[in-house]
Every structure is written in C-alpha cells, then in structure tokens.
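K.L.:
According to TrEMBL, the active site, proton donor/acceptor annotation covers Tyr120. Summarising the annotation, TrEMBL assigns active site, schiff-base intermediate with substrate to Lys150. Annotated pyruvate binding site per TrEMBL: Thr29, Val193, in sequence order.
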Amino acid sequence: QINLSVIRQYVDYLVSEQNVKNVFVNGTTGEGLSLSTQERKQLAEEWVCQGKDKLDHVIIHVGALSLTESQELARHAAAIGASGIAVIAPFFFKPTNKDELIAFLQKVASEAPAVPFYYYHIPPLTGLKIRVEELLDGIKEWIPTFQGVKFSDTDLLDLAQCINKNEREQFAFLYGVDEQLLSALAIGANGAVGSTYNYLGRKTNLMLQAFVKPDLALARKYQFLTGEFLNFVIKLGFGVAQTKAVMTFVSGIPMGPPRLPLVDASEEFIVKAKAKLDSIVWPDGD
C-alpha cells in the first residue's frame, strides 16, 4: 500500500541532504503505472502539499493506457497546482506513427491548458520506436503547452538532433539514463530526471557544477564513480525494487517493498550494494 506519512520526511531529505528541489512523481521508480487512479491522485496531492515552499517544481506523470484515465489525472494535477505534467506513450495498443502519438498526447494536454506539458520518452519500457526528433516537428501547433521531453533512452543521436533543431524553442531536454548524463550534457541536455538522484543527488549536482565550470576531468570522475556503482548493481540485478532498497539504507527512510509483479530486493543484494557504495571515494572527500 502507499505510505503517505513518509513524504514530508522524504521532501526534507531530498532538499537538505541531496540538494534536490525538483521531483517527478508517479513515474517509473514510483511505480506509477502499478497504482490505481485514486492512489496516484493521493500521492500527487501529498507531494504538492509537502513540497510547498520547499520544492521548486513538482511534475506529475499522468500517462496511462486509458485516455480517459490520463485526462482525469491531468485535470487533477492542474487542480492541485502541479508545476507540470508528463505523459508516457500508450504501450499495449501502441501508436504506429507520430500523428497517432501526438493525437493521444494532445487529448491529455488539452485537459490541463495552463500546465507545462512534457513527453516522457522511454522506449525500453514502451517498445515504441517513434523518434523524438520526428515527434517534435511542429508540436507546438498541436500542444501549445509543450515544454520538453523526459528522454530516457540511450540514443544520443536522436537527442542531439532534437536539441540542434529545437534550440530556438527553448524546450527542456531532461535526460533519464543516469550513467550517461555527462554525455547528454555535452550535447546540450539541460536537466535530468533519474532514480539515482534520490540518493546521489548531491554528487550529481557537484558533477553539474564541474561541467559548467568547466572542469571536465572532475565531472568525468563523478560520472565514472556513479557508473562504477551502477555497473556493479546492474550485474546483481537492478530494478525498481533494488532502487527502493538502496534509497532505504542511504536515507534511513523506509521505502517499503514494490508491488507485484515486482518482488523485493534480496538481503544478499542489500549487503553487497551497501558495501560497494560505502567503498567509493568521491572527489569531495566523502
């Protein structure tokens, strides 16, 4: 079951310990698509409420397989004052081309006409092969509130073409593959949404500062160390359940088990992942 009582503590932890002031709610790591509509609304309300005067942006993922459900969630997000909404592509009955996908997204975005809209691109989970570069061509005509993309794919050529062709629009390109963030920054990504930032947010912010400076050697050091940890845990089997376990032992906040069909992380995973994370020596001396 969802546990609303820890969200206040969670917000405070992100802000004070990780220097993270923007959240993406009901996405992949939050198991948004495994939750009921009512649960998703409750979580959205609690994050907006607890984030008031503490968080800069609370973006609510409102994508669903059902168009009417997605529209209902979009209306709700607008009503509670969300900073933005995001929508994943439908992945059972899939759109077969850009026009079909835009038609679906437009129907959702139009239910929250004053709220910035983001497309959540995650082909490894949706199986959708429509390139974002193609999707963005003239998208503002269909979706005036279109703000940007949560780009969770390793296709950096597609991302580069998006940024190259749409710089004048000032779209936000938020990269979602944490172990490749520095590569995405180098070609112009201007933000990130990812699960590791729950517990490595401060380190990632230091990497961002180094990149802007620019001190690329230092930025690479942070990216390589994040990659070293992820490479280790991926070999053990790393998914949403394991992410919850890592966040629990790093933050001390009980993230709980996942919902079936996902199963909880093993004790062996927790012991090995904690030992690996503790062994990493970061450039800031931590």
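Any Cβ shown, glycine's included, is placed from N, Cα and C.
Given the structure is predicted, the values throughout are model-derived calculations rather than measurements.
Help me understand the surroundings of these features in the structure.
P.N.:
Residues near Tyr120 (active site, proton donor/acceptor) in space but far in sequence (CB under 8 A, at least 6 apart, same chain), listed by position: Gly27, His61, Gly63, Ala86, Val87, Ile88, Ala89, Val149, Lys150, Ser152.
Close to Val193 (pyruvate binding site) in the fold, though at least 6 residues off in sequence, lie Phe24, Gly27, Ile59, Lys150, Ser152, Leu174, Tyr175, Gly176, each with a CB less than 8 Å from its CB.
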K.L.:
Here are some recorded positions: Thr29, Lys150. Which one has the most Cβ atoms within 10 Å of its Cβ?
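P.N.:
Going through Thr29, Lys150 one by one, the largest Cβ count within 10 Å is at Lys150.
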